[in-house]
Amino acid sequence: MPSPYICRACTAAARRQPTSRTAVTTSTRAIRSAARSKRAASIAPTTRGSAAADAKRSASTITTPANPSDPGPPPPTSKPVAKMTPEQRAFLASALRVNHAGELAATVILKSQTPPLVTTHPNLRPLMSHMLDQESSHFATFNGLLAKHRIRPSALYPVWSAAAGILGWSTGLLGKEASMACTEAVETEIGEHYNSQLRELVKWDQEARERGEELDPELRELMGEVRRIRDEELEHLDHAVEGGAKMARPYEVLTGVVRGGCRGAIWIAQKV
Ligand SMILES: [Fe+2]
Ligand SMILES: [Fe+2]
């Protein structure tokens, strides 16, 4: 259950006017806008109506419905189920493996960041706890899916764990802004990573429907879980920016190193 702190933060974010954060990168802005469009519609009428609508239009093929009343993708029907192709089986294995490794890293980063961070900023304890609860839930989801499909975890599991621990602990020691910049960088890359998976799954879903078939239920399940988790990652990204990520110094160097590291880790974990 979200803490009152998070509810207030989310509500405040939805009610604020768009800012002119010139330092926000294009990709960061795009995926943050997609998250805002969902929350703005589900939390309260806001002054961000046009920005949210733009974000929804720009990401209409891959985002979750912006309004809870929107039914989203059609439910399964009595149509024949498309047999999973070898390409799709390979995609499923690779996606589950890399997502599992990424969520492991996210939980370790937050666990390592929290002690030094809340020592100097005890007011951040509810936020850190909230994000860790969600990351732990994401990790458990992919743990379960790996076991269900009998797919092995990344062979570099210990490496990801150690690297994430060092990253979380060091940015926690550097302070609040550095910790938030780390979270912003990680969530930016993770958001883009999940969006790229969704684009592929949505394409296969559309192709199956055009043939009068249903996408394989295992791929539909993955699509639903990735959508849900992607949206929570983008909320973390917003919390990080609102928590002062842009104030970190040197911001560009810190976020550049973390984002580059994330991209490299994703590339490797997809294969190993
Ligand atoms: Fe996560
Ligand atoms: Fe996250």
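The backbone N, Cα and C atoms fix where each Cβ goes, glycine too.
What TrEMBL records for the Fe cation 1 site is GLU103, GLU135, HIS138, and among GLU218, GLU221, GLU233, GLU235 the residue it adds there is GLU233. For the Fe cation 2 site, TrEMBL gives GLU135, GLU233, HIS236; the one candidate out of GLU177, GLU187, GLU189 that the record lists there too is GLU187.
Taking the mean position of the Cβ atoms of GLU103, GLU135, HIS138, GLU233 as the Fe cation 1 site, the remaining same-chain residues with a Cβ inside 8 Å of that point are GLY102, ALA106, THR107, GLN134, SER137, PHE139, ILE190, ILE229, GLU232. Taking a Cβ distance under 6 Å to any atom of ligand 1 as the criterion, the binding-site residues GLU103, GLU135, HIS138, GLU187, GLU233, HIS236 reduce to GLU103, GLU135, HIS138, GLU233. Compute the center of the Cβ atoms of GLU135, GLU187, GLU233, HIS236, which mark the site for Fe cation 2; besides them, the chain residues with Cβ within 8 Å of that center are ALA106, MET131, GLN134, THR183, VAL186, ILE190, GLY191, GLU232, LEU234, GLU235, LEU237.
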